[in-house]
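Student: What Swiss-Prot shows for this protein is this:
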type    : residues                                                              : note
BINDING : His84, Gly125, His126, Ser127, Gly157, Ala158, Asn185, Tyr292, Glu374 : thiamine diphosphate binding site
BINDING : Asp156, Asn185                                                        : Mg(2+) binding site
Amino acid sequence: MNNSKNKNEIKFSILKKINNPIELRKLPKKKLIFLCEELREFLIDSVSSSSGHFASGLGVIELTVALHYIYNTPFDYLVWDVGHQAYPHKIITGRRDQIRSIRKKNGLHPFPFREESEYDILSVGHSSTSISASLGMSISARKEGMGRKVVSVIGDGAITSGMAFEAMNHAGDIKSDLLIVLNDNEMSISENVGALNKYSNNFISKKIFPFLKKNGEKLLNKIPRFKKIIEILENKINNYFSPKYLFEELGFNYSGPYNGHDVLLLSNILKKLRLKKGPNILHVITKKGMGYAPAEKDPIGWHAVPKFNLQIGIPPKKQNSLNTYSSIFGKWLCDTAKKDKKLIAITPAMREGSGLVNFSKMYPNQYFDVAIAEQHAVTFAAGLAIGGYKPIVAIYSTFLQRAYDQIIHDIAIQKLPVLFAIDRAGIVGPDGPTHQGFLDLSYLRCIPNMIIMTPSDENECRLMLHTGYQQLGPSAVRYPRGYGIGVKFSNLYKIPLGKGIVLRKGKKIAILNFGVLLIQANIVAKELDATLVDMRFVKPLDNLLLIRMAKTHKALITIEENVIMGGAGSAVNEFIMYNKLLVPVLNIGIPDNFVSHGSQTEVRSSLGLDSIGIKEKIKNWLNFLV
């Protein structure tokens, strides 16, 4: 152990002395190159032994070091968009020795988090929030009058969101002092800008100039002034389609593009930009996964990884014979599209996570990835439905909330047949409070015309997707992250709308389960000799079944992996009270708190949503079971 420790001390001789950016700024500039080498090696070593977001952090090593070297953080505000690229930031802001605990229970938060460090000025997790927040901070800094600077780092797809452009439009209008660093790692803006550049190049090379060179070369040589005009025109067209033109039209001073892996160059540029007034854009070109060849070749596959062997260089696949809910959705989607050419699948930049890879390859004409644009995705689906198609929006629960008005205004009011396949519902786990999906039942249940289904296993998920797809109005199927339980698949059939199933008959109490906690509920039902009902539908409820349960039992227990407030249990409460049914009801779910990170099992246990916790909650509530 001592030999290993000594080797690490030699290996990271500069990094081990950097416990905060103040110590970083004491380094001679020439040593920054060596620090970046050590930081990259340390990040590779730590993530390979602990898991976490990987490729994005490797791409911003030099940028992170340069920003903290030039800016007086934490007095100057450094804001990271999304935050999965912030591991290097955490390492050099006092959390180096804790980095292996990231995303684990009681460990470092997976993203910048205000409660964790004074250097994390904005808690993040969702994309495209940084520019709006940074603009607000810059206005505050101007009113404060102490010379505070504000920097926003955005990229990795976040710039494609409408919110980012809304903020830039505002910033360019009010001319506030703000630096936006566009981290162009070829996974975000580069394709869009590249397409425009390709268009302009084709326009010039294939239409105007070949014709002139072939048929008018002599004329051009005889009329130098005309030749000069053509050259000016070519430059203007190229400028029109460049990032510089785009950002300058929004009111920003544009600098770049520059090599984002040259820490000395970045330091020199940032030193000048720190003194520059008004809204500024620094465009840097980086490579996601830089410094680890397998991640450079496959940045998507290496975006977030479990523990892995550095020498093998292959992201390990989880050994599990069971299917994930995402893959089950993807298989159902392919099977349905084979029979119905009207099916259209839509995802806001979550092709891999939502299980759409195979579908996108098999049915490219029925597949749309709209980028990080949840609002657009939903209203786009509305338009398709009006046009006679059958759209399915595949989206994470936590991201669907970004399109709430569109669900109401563009889908529900018009009773359009759009199916929402809501992945990562309930407890998600290691990505923390920004990614837990436990609000959707509450915010969807209050919307008129909405059908909401909560499958308890993977076969139920298939049946509910099939049922939702047949509806003439909006419907939602919410399912969790992770694997099913291994049940056999039945033939697809349409589930009777709003009908639950009694799985076990007991005495005194009835447990009404909504969703994937059915296994835990079944264990408790057997131990307490309780009736167990798989309610299946949150909306509409099985009213007749509820009346029967209320009249034949002394108490009802509702169980759901959603916040208690406004959720499925609240729907039961409302029904019981409205119908004057004299039976007490205990709602078990997620309390009125945001839930931190940890494994799904750990989080459920801490919330009392495992079988032990559920039984304890029930026994504490029911006097006759004490």
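Keep in mind that glycine also has a Cβ here, set from the backbone N, Cα and C atoms.
On a predicted model such as this, the values are computed, not experimentally measured, just so you know.
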Student: State the three-class DSSP label for Asn185 (thiamine diphosphate binding site), counting H, G and I as helix, E and B as strand, and everything else as coil.
Tutor: coil
Student: I'd like to know which of these binding-site residues, His84, His126, is least surrounded, judged by other CB atoms within 10 A.
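Tutor: Selected from the binding-site residues His84, His126 on minimum Cβ neighbours within 10 Å: His126.
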Student: Roughly how wide, in whole Å, is the group His84, Gly125, His126, Ser127, Gly157, Ala158, Asn185, Tyr292, Glu374 that binds thiamine diphosphate, by largest Cα to Cα distance?
Tutor: 32
Student: So what sits near Glu374 (thiamine diphosphate binding site) in its own chain, CB-to-CB under 8 Å and at least six residues off in sequence?
Tutor: Pro348, Ile395, Phe399, Leu400, Arg402, Ala403
Student: Taking the Cβ of Gly157 (thiamine diphosphate binding site) as centre, how many other Cβ atoms lie within 10 Å?
Tutor: 19
Student: How many other Cβ atoms are found within 10 Å of the Cβ atom of Asn185 (thiamine diphosphate binding site), counting all protein chains shown?
Tutor: 26
